[in-house]
Amino acid sequence: MAAPWLKWLSRCLCLFMSFVLSVSVSKSPSSPLRLRLRSLGSGVEVGAGVRGSGGGLIVSRPQFADSLRGRPGQGYYVEMRVGSPPQLLNILVDTGSSNFAVGAAPHPFLLRYFHREMSHTYEGGGRRVFVPYTQGSWEGELGSEFVSLGGEDGKEGKEEANVRVNVAAITRSNGFFINGSNWEGILGLAFGSIARPDPGLEPWFDSFVRQTHAPDIFSLQFCSQGEAVGGEGGTMTLGGIEEELGAGPIWYTPLRRAWYYEVVVLGMEVGGRDLGLDCKEYNYDKTIVDSGTTNLRLPHRVFSAVVSAIRQSSTAERFPAGFWQGEQLVCWRKGGTPWHRFPPLALYLPHESGNYSFRISIRPTQYLRMVQEAGSEGDYCYKFAVSSSGSGLVLGAVAMEGLYVVFDRKLRRLGFSASACGDDE
């Protein structure tokens, strides 16, 4: 019987023609910086027929790292200091955009915002910018400012990074800020080609690499969050990787294009059964890794096939159509959530060598996202965190939770490992 990766490879030859695969190994000249991720808020496995080891980039310790926090469905954020004297702001970590922007005017959902007039290092350019997202948009004034992260809290001997970067001062928004999310800005970590208003605007991470001479690589560790908690939700590392944040080898897949973090999905399984779709169905019109998106978003035909397969393989109750569309919740009493009735999902990605694939697993505890605790009996209510997309497949936070993901921009590849802080349930 042919290995699944061979079967999917035959379906995806047209996509592989655009790849330049690299198997080189390099070392970072300096150590990265770690930042804990907070989440008010998968594992990676070798695919069948896989041979060989994970290999991967070996680097020295990171230059900078810190905590991430957040809530399920509201994103992961890191605390940053903006301006002189510094103003503390929580900034959403978003690998699906390229602009660094902070709230700079009163808003009913913001407890604090950036006061430009109170910083003696802010330089406003008077240039306006408008940025739309899948959900929400904002507009504001482009300027530049000193931004620092790391250091100051005295933990783990952190080093501080202080760089002057382009910043957008958000003065108006629509559906962008989230009530109770506890973040006041967004850190776009994608490539400059999708920066607004034009690709000539240098993104934050490009400025960081240029001014600190750090390696062009960062990584995100998202810890699985089964409940809405305010504790640490993971770690962001800049300028390298930290192997102890992963629970195994790092498996690399090549970037198809450096704008978003675009990759290729070879195939998908529900409960261990291949959906049997042509790989072009998964990757139409693109497949990206986006920490700023909550759900696993699938092209329409793929979404329909996944929902149908879950219904067929599950012994769960027959939920209303609104549940599968993300419009209705399902609730169980505390401790009675029937996880065993729902099948795991799996996506297969090509290894950078081109010789085999690896699997990213998404458990029911991830794609059934708890959104509230309600009722006198303490019912737990969940939302289906897989949704239909008209703009391609998006591996959002649902797929990234429980993973350690390496964004190796220099070698144009993404690495995946099970997170050392993942939920083993």
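Heads up, the Cβ atoms here are built off N, Cα and C, so glycines get one too.
What TrEMBL annotates here:
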{"type": "ACT_SITE", "residues": "D94", "note": "active site"}
{"type": "ACT_SITE", "residues": "D290", "note": "active site"}
{"type": "DOMAIN", "residues": "76-417", "note": "domain 'Peptidase A1'"}
{"type": "SIGNAL", "residues": "1-22", "note": "signal peptide"}
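Taking the Cα atom of each, D290 (active site) and D94 (active site) are about 7 angstrom apart. Neighbour list (D94 (active site), Cβ cut-off 8 Å, at least 6 residues apart, same chain): G75, I186, L187, G188, L189, A190, D290, S291, G292.
For the domain 'Peptidase A1' (76-417), the mean pLDDT of the prediction comes to 90.
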